[in-house]
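K.L.:
From Swiss-Prot, for reference:
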- 1-7: topological domain 'Cytoplasmic' (TOPO_DOM)
- 29-113: topological domain 'Lumenal' (TOPO_DOM)
- 135-161: topological domain 'Cytoplasmic' (TOPO_DOM)
- 183-209: topological domain 'Lumenal' (TOPO_DOM)
- 231-238: topological domain 'Cytoplasmic' (TOPO_DOM)
- 260-284: topological domain 'Lumenal' (TOPO_DOM)
- 306-327: topological domain 'Cytoplasmic' (TOPO_DOM)
- 349-370: topological domain 'Lumenal' (TOPO_DOM)
- 392-398: topological domain 'Cytoplasmic' (TOPO_DOM)
- 420-426: topological domain 'Lumenal' (TOPO_DOM)
- 448-452: topological domain 'Cytoplasmic' (TOPO_DOM)
- 8-28: transmembrane segment (TRANSMEM)
- 114-134: transmembrane segment (TRANSMEM)
- 162-182: transmembrane segment (TRANSMEM)
- 210-230: transmembrane segment (TRANSMEM)
- 239-259: transmembrane segment (TRANSMEM)
- 285-305: transmembrane segment (TRANSMEM)
- 328-348: transmembrane segment (TRANSMEM)
- 371-391: transmembrane segment (TRANSMEM)
- 399-419: transmembrane segment (TRANSMEM)
- 427-447: transmembrane segment (TRANSMEM)
Amino acid sequence: MMEKVTKLALTSRVMVLVVQLLANFATPDHKPDVFRMPQSEGPKKNGPFPWLDELVLQSLSGLRHWDGEYFLHIASNLYTYENTLAFYPLYPVVVRHVAQACQHLGIPLSRDALILLVAVALNVLIFCKTANVLYKLTQRMFNDHNKSWNAALIFCFNPASIFFSAAYSETFFAFASFSLMLECMRSEKDFRTFRLGAALTGCFVCRSNGLLTLGFPLYFLARHILLSTGSVQRCWQLFKMGLAMLVALGILHTYYFYIYRLYCLPDVKVQHAQHVVDYAKERSFLISGQASVGSPWCGYTLPFPYTYVQSHYWDVGFLRYYKWKQLPNFLLALPMLLFMHWHCYDYIRKLVANTWSKISPSEYQGILKEHISFPFVLHAAVLTLVCTLYVHIQVSTRLLASATPVFYWFAADYMPNTFQLSFRSKAGVLFIWCLTYSLVGTVLFSNNYPWT
């Protein structure tokens, strides 16, 4: 079955790549006044085969727009501008080091072409692995091969599909999140401390909302304690789980200190390429290594830049996006938000109704064993609420599609047990929505138009 899921995932990625290629060549790009990775005005540094560089850059140019420009800039230059601090390091740093390794191996491409190629290739590879992890996670949760397959199917053609192939961190985050959830659900004899720690660290350093995934090991740690019999081996496993969480938090704060050092310590000086400095002056960006200029977040009690950067550069905050001019973006995000709000509410309502009368010291163990999906739905409900109230509403679809398996589980419940899908059924409407958003989103995104 894993081979079948991999083929499905790879097929969906090839389809996205082909559609973006055709759309990018057929339609001229929109040119919004947004961040573009600064390029040197000097002679272009081509590889030994300039035509090969041009082929890669032209063929994949539709996958570098919007936030992709930030990720590629970080992969090439690291955190040179303060506004790049909105993007966490896992994806761009991995791309950077893999591209450097490819250069050392003699791959005949320029640095820019190689970084773009690696960024896309890694996402395709990790996407296939993520589809398999989602299948395993669903199977472990429900023990239903049909539902597991349908969840993987919907994931492969999800409504935010383009963002899982473009130079975005969605694929890496989905892989880290689903892997963490799978590790948390393993039995004690199958528990692997390193895997849990690595997955949790991946969540923390991939996206800001990755911090919410700390709730999973905490929940399952508490669950193990409440259900434990007190054996020495079990206590040792719980200790290792706690240690893995502490190590992951330590690595996250190492990144925070690195950023604080770059932007807040006056004795740190950073040499930048001239075109990077010129672009900063043109856009009035605060550049790293200039602590004398200063930034307000450096003086915070907990000097974490993310909230300040999002508020200052993108006007992100409670209900700030509720403006009439943003109505089209609200309409784009509406299907995902309505779907998630309703199903999370319905699940929690039924859970409360079924367990309210059972809440007692003698019954809590049975409740914990029976409702193992509760932390997953609660996590999804919190994310959906955050999307509705705080973030730029158009990112809701891709944020939820990459952060929680619950969307795919709820959607899989509508799918038939056979391949006979009626487009007039709820399953048909759901699949049409996914395919339409996947297709239209790929066409619009690849031509630099806004998309959800």
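Positions of Cβ are set from backbone N, Cα and C atoms, glycine also.
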K.L.:
Taking residues 6+ outside the transmembrane segment (285-305), which of them lie with a CB under 8 Å of any CB in it?
P.N.:
79-83, 85, 256, 259-260, 262-266, 268-272, 276-277, 279
K.L.:
Need one number: mean pLDDT over the topological domain 'Cytoplasmic' (392-398).
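P.N.:
Summarising the topological domain 'Cytoplasmic' (392-398) by its mean pLDDT gives 95.
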K.L.:
Considering only Cβ pairs within less than 8 angstroms, which of the stretches 8-28, 239-259, 328-348 has the most against the transmembrane segment (427-447)?
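P.N.:
Answer is 8-28, with the largest number of Cβ pairs below 8 Å.
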K.L.:
In the topological domain 'Cytoplasmic' (448-452), how many residues does DSSP call helix, how many strand, and how many coil?
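P.N.:
Final tally across the stretch: 0 helix, 0 strand, 5 coil.
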K.L.:
When you scan the chain for residues with a C-beta under 8 Å from the topological domain 'Cytoplasmic' (135-161), skipping those not six or more beyond its ends, what do you find?
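P.N.:
Residues 1-2, 4-5, 8-9, 11-12, 16, 170, 178, 181-182, 185, 335-336, 372-373, 376, 397-398, 401-402, 405, 407-409, 411-413, 415, 417, 430-431, 433-438, 441-442, 452.
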K.L.:
Which bits of the chain, at least 6 residues beyond where the topological domain 'Cytoplasmic' (306-327) starts or stops, bring a Cβ under 8 A of a Cβ in it?
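P.N.:
For the topological domain 'Cytoplasmic' (306-327), the sequence-distant neighbours (Cβ-Cβ under 8 Å, at least 6 residues beyond its ends) are 82-83, 85-86, 208, 295-297, 300, 389-393.
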K.L.:
Please give the sequence-distant neighbours of the topological domain 'Cytoplasmic' (392-398): residues at least 6 beyond its ends with Cβ less than 8 Å from one of its Cβ atoms.
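P.N.:
Residues packing against the topological domain 'Cytoplasmic' (392-398) from afar: 159-160, 163, 168, 170, 314, 316, 321, 326, 329-330, 332-333, 335-337, 384, 437, 450-452.
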K.L.:
Quickly jot the same-chain residues contacting the topological domain 'Lumenal' (260-284) by Cβ under 8 Å, restricted to those at least six beyond its ends, or write none.
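P.N.:
For the topological domain 'Lumenal' (260-284), the sequence-distant neighbours (Cβ-Cβ under 8 Å, at least 6 residues beyond its ends) are 35, 38-41, 77, 79-82, 85, 291-292, 294-295, 298, 303, 305.
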K.L.:
What else in the chain is close to the topological domain 'Lumenal' (183-209), if you only count residues 6 or more beyond its ends and a Cβ gap under 8 Å?
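P.N.:
Apart from its flanks, the topological domain 'Lumenal' (183-209) reaches 88-91, 137, 140-141, 169, 172-173, 175-177, 216-217, 219-220, 224, 233-234, 237, 240-241, 243-245, 247-249, 251-252, 255, 306, 372, 383, 386, 399, 403.
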